[in-house]
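First up is the structure itself, then whatever we jot down about it.
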Amino acid sequence: MSGFVFSEKPIEIASGDGVTVTDTNGTEYLDFGASYACTPVGHCHPEVVDAATSQLEDLMYVQASYPHAARTALYEQLSEAGPVDVDNVWLCNSGTEANEAALKFARHATGREKIVATKQGFHGRTMGALATTWKTKYKQGFEPLAGGVEFVDYGDIDAMREAIGEETAAVIIEPLQGEGGINPVSTEYLQAVRVATATNGTAMILDEIQTGLGRTGSLWAADNHRVVPDILTTAKGLGSGLPIGATLCRDWIAENCGNHGSTFSGGPVVSAAAGATLDVIEREGLPEHAAEVGAYLREELEERLGDDIREVRGDGLMIGIEVKRGSNRLLRDLAIDHQILALPAGRTVLRLLPPLTIEREHADAVVGAIEEVVE
Ligand SMILES: *Cc1c(COP(=O)(O)O)cnc(C)c1O
């Protein structure tokens, strides 16, 4: 038996540097998928590599109940970086675990069961987070999942208001849906969700696993929309590709979160990598840079692709291009003919999640290549 679950692509990546990766034949690719947004500061950023390797040599691991400098520093950084008052930090190893903790904490803190999630939403693949994920294909054959979840149309504030009541523990929502097709919602909508949850004593969980860390032009999409949730989750690029996730909570959640734990919570090596990643994002002003290059990229895509595509959506460097045919063939042509890696989001959306360090010249190269493959 060899590997299963994933179907592998015909390109074997051997190394990465900044915005490019190189395969075993020496061919260089511009990485506009960043392996699911996992390299916000670029591949193998020297500062992140140094932080992780020097930690690796000193101490590979110590359990989270012993204080450790790298973990303590990361608690402080994340607590500082989170939206105002969302400053209690739980560390875990992935996005789905960050959401799993968020859902458990919200149920415990409210003493309620019901969870409201949104159609097309994606929150991970463990039994709890999966129960709040919309698509049937991810859930088929795995039921029964966690109960008490109701789905409402994303962006429909009346449906949301109707679903939230005094029995609702939490609403879990992405501020811009990623996996579901790069679907945006308005600031008014997210602010109204905030009001409806607060009024009912319901926890608002903002899943920023894909939108966070500067990708949408601010450190958090929550900042773009001036919304402060009760719980914010992050993962993906946090460790520049090393496995780490975090659940940031307000006091009322953290003070009554129940019994939770994880053997690997905030290991020294991943904590050092995450700390260095956050340092680089802040020092290099990557959120602002993502906003600027992202706006340029979206404009160029709209202008040059015009009628050949249906729509360009997104914020900062989280961009979806709704195409007229299936996206799989386009992705293949982009990789094989133009040495550009990107991602799908459903059958008809090409998704771009490049490192936040790309420059206009990279954007130009990608627009030119997409123009050719779409034609
Ligand atoms: C990727 C993703 C997850 C799941 O993260 P994993 O690390 O794969 O478990 C959850 N929510 C969103 C919005 C994501 O993009």
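Using N, Cα and C of the backbone, Cβ positions are placed for all residues, glycine too.
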So TrEMBL lists Gly95, Thr96, Asp207, Glu208, Ile209, Gln210, Thr263 for pyridoxal 5'-phosphate; which of Phe122, Phe142 goes with them? Phe122
Relative to the Cβ of Gln210 (pyridoxal 5'-phosphate binding site), which residues of the same chain, six or more apart in sequence, are found under 8 Å away? Tyr36, Ala37, Glu174, Leu176, Gly178, Glu179, Lys236, Met318, Leu353
Here are some binding-site residues: Asp207, Glu208. Which one has the most Cβ atoms within 10 Å of its Cβ? Asp207
Sparsest Cβ environment (other Cβ within 10 Å) among recorded positions Arg125, Lys236 belongs to Arg125
Can you see whether DSSP assigns Gly95 (pyridoxal 5'-phosphate binding site) to helix, strand or coil? helix
Would you mind ranking the binding-site residues Thr96, Ser262, Thr263 by how many other Cβ atoms sit within 10 Å of each Cβ and giving me the lowest? Thr263
Record-annotated pyridoxal 5'-phosphate contacts Gly95, Thr96, Phe122, Asp207, Glu208, Ile209, Gln210, Thr263; largest Cα to Cα distance in whole Å is 25
Measuring Cα to Cα, tell me the gap between Ser262 (substrate binding site) and Asp207 (pyridoxal 5'-phosphate binding site) in whole angstrom. 20
